[in-house]
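Working notes, structure below.
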Amino acid sequence: MADSENGGAAKRLKTDAENDCGDAGEPVSDSLVSDFEISRILRDCAREKNIFIHGKVKDQDAVVILEKTPIRQDTLSELLKSSQLKLEMKNDVYSTYQLQAPAHLNEIKTTVVCPATEKHVKKYLHQEVFLVEESGEDFRNLTLPYISSQCFSVQWVHNILEKKAEADRIVFEDPDPDTGFVLLPDFKWDQKQLQDLYLIAIVHRKDVKSLRDLTSEHLPLLTNIRRKGEDAIQRQYSVPPSKLRVYLHYQPSYYHLHVHFTSVEYDAPGCRVERAHLLSDVIQNLQADSSHYYKRSLAFPLRADDGLLLKFKEAGKV
Ligand code: GTA
């Protein structure tokens with residue numbers, strides 16, 4: 001149930017049973033992964049304990065992301081009591097083991113993109129990255145024409161705003177058509193622990209695509225997102241604003257304005273300085289100069305085979 005302007009919601013993380021169900025309470029289809037035929041590994045990272053795989057599900061291109069999730073404090077004593085220990089080595093006071101946990105305490109978060117476009121596959125492929133500096137003019141001459149023809153579909157965003165998907169996951173909604181937004185868990189967060197808390201606020205307005213569109217006209221929208229988003233997270237998860245990193249991406253993958261709320265302790269993908277713009281900085285920049293994001297240069301990373309990088313190279317900007 002969404003928290004609304006009028007009511008609070010109890011602090012609650014998802015139970016295993018709730019997470020096992022699809023959006024509308026439907027059981028998840030096993031065949032999506034059991035029918036998956038691996039073509040190649042796009043990327044893997046031992047430190048982040050994830051792997052991005054390209055393959056096919058019944059002739060359709062798909063990307064599957066497998067990720068080991070953090071160890072949860074609330075299941076720690078059950079984990080230690082109900083697991084088997086297999087000794088690997090012992091030396092003096094030191095010993096290492098393989099702990100074999102029961103299945104329900106040993107899950108792997110799995111994300112499936114199917115059918116996946118070539119752009120999805122490229123997005124997850126490990127590639128060399130270049131930093132581009134985009135002036136306001138570069139945005140209008142190079143970036144805008146490119147993204148107008150090449151960007152990812154925002155159908156999933158419209159589904160959320162129209163309650164056709166993820167309606168039961170909404171944490172808070174302000175329905176105002178100008179300053180309103182929907183706040184819900186990002187699909188990178190399994191909602192089982194607060195260490196990697198990650199929510200997104202998606203604005204109801206459809207005419208604001210990215211940071212570049214923002215002027216002082218949007219200050220009521222941005223301050224509303226900040227205040228009500230933080231309040232809702234405090235009420236729902238007991239996480240205070242001082243424990244949150246609230247920011248926008250530039251460039252985003254999806255051109256419909258949204259704001260990321262992550263735990264400040266969590267090194268979320270895309271939270272580095274070359275991509276993340278703190279909402280508080282954005283608000284102050286617009287208060288000082290309404291045309292700040294219209295005219296100033298913004299730096300952002302582009303992957304080696306990104307068509308936009310080619311446009312910048314052709315224009316002699318890289
Ligand atoms: N609730 O259907 C959705 C949905 N989709 C399609 C995207 N998001 C969604 N949330 C819900 N339902 O934080 C989320 C994304 C992202 C935000 C869009 O919306 O998770 P953005 O427009 O700034 O795009 O934000 P961004 O940041 O490039 O997207 P994304 O997917 O986070 O990719 C950034 C990097 O994160 C990737 O290159 C990859 O390195 C990493 N990454 C992506 N997905 C995963 C994953 N599942 N597990 C681990 N790492 C991941």
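Heads up, the Cβ atoms here are built off N, Cα and C, so glycines get one too.
Annotations in TrEMBL come from automatic prediction, not curation.
Per TrEMBL, region 'Disordered' is recorded for 1-26.
Cβ-based neighbour count (10 Å, all protein chains) for H258 (active site, nucleophile) stands at 22. Per TrEMBL, the feature substrate binding site maps to W156, E166, D186, K188, 249-260.
Among the features that TrEMBL reports, active site, nucleophile is placed at H258. Under the three-state DSSP scheme, H258 (active site, nucleophile) falls in the strand class.
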Entry from the binding-site residues list W156, Y255 having the most other CB atoms no farther than 10 A: Y255
Position of peak Cβ density within 10 Å, selected from the binding-site residues Q251, S253: Q251
DSSP-derived class (H/G/I helix, E/B strand, else coil) of W156 (substrate binding site): helix
Contacting binding-site residues, sequence order - W156, D186, S253, L257 vs ligand 1, Cβ under 6 Å: W156, D186, S253
Cβ atoms near V259 (substrate binding site) (within 10 Å, other residues, all chains): 23
Rounded to the nearest Å - Cα separation of Q251 (substrate binding site) and H258 (active site, nucleophile): 12
